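Colleague: Got a structure for you, questions after.
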Amino acid sequence: MALVNAEKPEVGSSPSSLGPRNKSWVLLMLRFVAFLATAAATIVMAANRETKTFVVATIGSTPIKATVTAKFQHTPAFVFFVIANGMGSIHNLVMIAGDTFVRKFDYKGLRWVTVAILDMLTAALISGGVNAAVFMAELGKNGNSHAKWNKICDRFGSFCDHGGAAIIASFIGLLLMLVISIISIIKLLKPKSPLVDSHVLAP
């Protein structure tokens, strides 16, 4: 009688060999769409400006005009919005490159831990940026009668429309980042089934 060490095959290893690869492609597609959404939000808000000329006074029959330009740089919340979505775009671009070219390099699962943490931080950053922009957008659309802040969207309609489109794109990117974060955490917590050595009696 001799003892022979036999490796126990992983359950479902052969029929589901395409499963992890398909899941990886799904995650890559989610990251790519999230990149497009946050990049669109960044570009639209960063390029958002509108110039209008208003009559501010009249001396006799001569109107006094003033030219005013609305730009995202005038509002710190919109500046933060551009920075947050820009960093979210860079994050997803780096993650896509990492999954595509350096997937094989993983030291004791450290890669998945780092990816999960960065995904959560990026989602939190985008959430802060878009919510700050929503607050200022609501203030620009409706004003605040208690603080005597006038609305501006009745005068700068194009500026507000472009800002609203950027906010919608950012919310899409945020939703996708939340889904990506959940997938990253599931990948991190999912136990891996190592090969189990079993002793088989051989005649």
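Cβ from N, Cα, C; glycine included.
Below are the features listed in Swiss-Prot for this protein:
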{"type": "TOPO_DOM", "residues": "1-24", "note": "topological domain 'Cytoplasmic'"}
{"type": "TRANSMEM", "residues": "25-45", "note": "transmembrane segment"}
{"type": "TOPO_DOM", "residues": "46-76", "note": "topological domain 'Extracellular'"}
{"type": "TRANSMEM", "residues": "77-97", "note": "transmembrane segment"}
{"type": "TOPO_DOM", "residues": "98-114", "note": "topological domain 'Cytoplasmic'"}
{"type": "TRANSMEM", "residues": "115-135", "note": "transmembrane segment"}
{"type": "TOPO_DOM", "residues": "136-165", "note": "topological domain 'Extracellular'"}
{"type": "TRANSMEM", "residues": "166-186", "note": "transmembrane segment"}
{"type": "TOPO_DOM", "residues": "187-203", "note": "topological domain 'Cytoplasmic'"}
Colleague: Sort the residues of the topological domain 'Extracellular' (46-76) into helix, strand and coil with DSSP and give the three counts.
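Modeller: Grouping H, G, I as helix and E, B as strand yields 5 helix, 21 strand, 5 coil.
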Colleague: Between the transmembrane segment (77-97) and the stretches 25-45, 115-135, 166-186, work out which stretch tops the count of Cβ pairs under 8 Å.
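Modeller: So the stretch in question is 115-135.
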Colleague: Using Cβ atoms and a strict cutoff of less than 8 Å, what residues sit near the topological domain 'Extracellular' (136-165) while being 6 or more residues removed from its termini?
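Modeller: Here the qualifying positions are 44-45, 47-50, 52, 54, 70, 72, 75, 77-78.
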Colleague: For the topological domain 'Extracellular' (136-165), what does DSSP give as the number of helix, strand and coil residues?
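Modeller: For that range the per-state counts are 16 helix, 2 strand, 12 coil.
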Colleague: Using Cβ atoms and a strict cutoff of less than 8 Å, what residues sit near the transmembrane segment (25-45) while being 6 or more residues removed from its termini?
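Modeller: Residues 72, 78, 81-82, 85-86, 88-89, 92-93, 95-96, 99-100, 126, 130, 133, 162-163, 165-167, 169-170, 172-173, 176-177, 179-180, 183 contact the transmembrane segment (25-45) from elsewhere in the chain.
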Colleague: If we skip the immediate neighbours and take only residues 6+ beyond the ends of the topological domain 'Extracellular' (46-76), which ones have a Cβ under 8 Å from one of its Cβ atoms?
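Modeller: Those are 82, 136, 152, 155-156, 158-159, 162-163, 166, in sequence order.
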